[in-house]
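Per Swiss-Prot, these features apply:
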- 252-261: compositional bias 'Acidic residues' (COMPBIAS)
- 273-283: compositional bias 'Acidic residues' (COMPBIAS)
- 477-495: compositional bias 'Polar residues' (COMPBIAS)
- 496-513: compositional bias 'Basic and acidic residues' (COMPBIAS)
- 312-358: domain 'G-patch' (DOMAIN)
- 252-283: region 'Disordered' (REGION)
- 477-513: region 'Disordered' (REGION)
- 155-178: zinc finger (ZN_FING)
Amino acid sequence: MEEYEAQLLVVEQALENAADDAQRQELLALKNNLQELLALTRDTGDEAPTDELPQQGNDLDDELQRLKSELSALEAAGSSQTALDEERQLADLRTKYTAMVGEKCSAPHEHSWGTCYHNALICGVDDEVVINSEGVLDARLRVLFTNPTHREMLPCSYYLEGECRFDEAKCRFSHGALVTGSSIRKYNPPDFHKLSRSRPVFALLPDRLWHRGRVLCVNFVEQVCRVRLDGQDHKERERDFKFEELYPLTTDQDEDDELSSEESTSSMRDASSDEAESDMDDLEEARRARMVELSLFTYKPTDRLGAWEEFTRGIGSKLMEKMGYIHGTGLGSDGRGIVTPVSAQILPQGRSLDACMELREAANGDKDYFSVERKLKRAQRRQRKADEKAYVRESQRVDVFTFLNDRVLGPGESTQQSEQVAKKAKTNELQQHSTKTLNVETVRIADEIRRKQRDMAKVKQSLERNSGDAQLQKRLQVQMQSHKQELATLQAQERSLSKEQQTRKSKNKMFEF
């Protein structure tokens, strides 16, 4: 009796775990047979004579053997069905993972301090079957990290080209990390709009590794960012990186903002309807049309907004345009704010506000009376006029150096009359300069003559030393001829100055007499 009850419990447990309908029908029939057998055994146990007990015992043994054989057959059928289900599941997983080859993802990497997820590229599916942490069959994927931070994560360049001579265990670089398919997460693309001061980032250095640092300043126009690298092993801790060489890291504040934005977006999506969305679109279009129409009747200043950014590296007008500002309209959501920037004003030093108001009233209430911009423009006009006068005055002024360059060093006249006119003009020009200026010019020309004579002596020595080289002799002769012409010009200047000085000395003697 106890054996029948134990067999009945086993059948009931198998019936709870059975998933196939045919198997459940067989188990139900076996359960009914056992229940009937138990009922008959209880009913006939008291009425049967003692001499029939051995025959009854034999029948019970036969029934027990039959029951065991049926249970073993059911277990074999269940195990074969489970194996078929597992093979079908693995085939589906391999098909799914094979289609993912070449896609980007976020894969885990085991560091000495824990597990961290990094962006990676799926490059293949491994043949080995594993059981994940949840006890479910899974396949492994081979991934290459796109932002490696350690040497063991750095992809082998020879392996990518199919020319690596080492296997995965002996190569110092990565041939691809093996991760389970269930641990793969969604790819996190870099969001450069998050770049701001003190933002943690990964920066790419020449060693092909991504090092951690913090942002110092960002230039969104040229897409350049200055980063201070963490650690003391970098010679230049502050460097400029392009946006393509940076990967902004996610902070706790970003996660909170994303969660709040997702919650608000989902609540708004549930509360709004298609009709409300269309109404909002119509209102937005009407608002923009009204803003454009308003800009046509708005006061147009002489300088456009943001014109000063032409001389600076400011990006204020570009940021305003990205935030929805329409050029020509005023500030504010309705476009009725100011159009021109608030100008700076400087009040007179040491004067009270009442005195400043009196000065403004005396100027007929001019609001720009103390404007810095007006003062700067006035100063620019005065400086421009002064520069023009100075230019005219300097252009008309003729000093002794200009005279010598124009008259003495200039091209000579071809006729006798022109030479006489030039000499007369030269004499008149020299007479206009003081004796001190003539003395200074005489000393300068004497120094030039001595320097030119030394150069001629060096060229002459070179001619004597290189008498066998025809090409060099030709070049040296050209130099010698040029030096002679310059020396003749300087000597002519010296004679003119000496003549003028001698004339002045003679006049002084005559006046003293």
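Cβ from N, Cα, C; glycine included.
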Next item on the list: Using a Cβ-Cβ cut-off of under 8 Å, list the residues of the same chain that are 6+ residues beyond the ends of the compositional bias 'Polar residues' (477-495) and lie near it.
Entry: 404, 408-409, 442, 445-446, 448-449, 452-453, 455-456, 459-460, 463
Notebook entry, point to check: Hey, which bits of the same chain come close to the zinc finger (155-178), Cβ under 8 Å, at least six residues off its ends?
Noted result: 107, 109, 120, 123-124, 126, 140-145, 148
Next item on the list: Would you mind giving the whole-number mean pLDDT across the domain 'G-patch' (312-358)?
Entry: 78
Item checked: Composition by DSSP (helix, strand, coil) of residues within the compositional bias 'Polar residues' (477-495) -> 19 helix, 0 strand, 0 coil
